[in-house]
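Student: Below: one structure in structure tokens.
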Amino acid sequence: MANTSKVVKAARGHKFAVQNYNRCSRCGRARGYYRFFGMCRICIRELAHKGELPGVKKASW
């Protein structure tokens, strides 16, 4: 889990736009971020398994 201070620091933004980075809206994780969902891969997986993400289903081929 990310520290609260890191989440607040990321939300403030930087002087240069290149230095800004995304964090998961649920847990604050910085890596494995999916922009479409605004969450990290772990949170997306948890919500998808619970059926709380509409239109997302487990792949099978």
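Easy rule for this one: first residue shown is 1, then count along the chain.
Using the three backbone atoms N, Cα and C, a Cβ is placed for every residue, glycine included.
Pulled these from Swiss-Prot:
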type	residues	note
BINDING	Cys24, Cys27, Cys40, Cys43	Zn(2+) binding site
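Relative to the rest of the structure, where do these features sit?
Tutor: Counting Cβ atoms from all protein chains shown, Cys43 (Zn(2+) binding site) has 20 others lying within 10 Å of its own Cβ.
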Student: Quick one: which residues besides Cys24, Cys27, Cys40, Cys43 have a Cβ within 8 Å of the Zn(2+) site's Cβ centroid, in sequence order?
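Tutor: Here the nearby residues are Arg23, Ser25, Arg26, Gly28, Arg29, Gly32, Tyr33, Met39, Arg41, Ile42, Ile44.
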Student: For Cys24, Cys27, Cys40, listed as binding-site residues, tell me which one has the smallest number of other Cβ atoms within 10 Å.
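Tutor: Each of the binding-site residues Cys24, Cys27, Cys40 was scored; lowest Cβ tally within 10 Å is Cys27.
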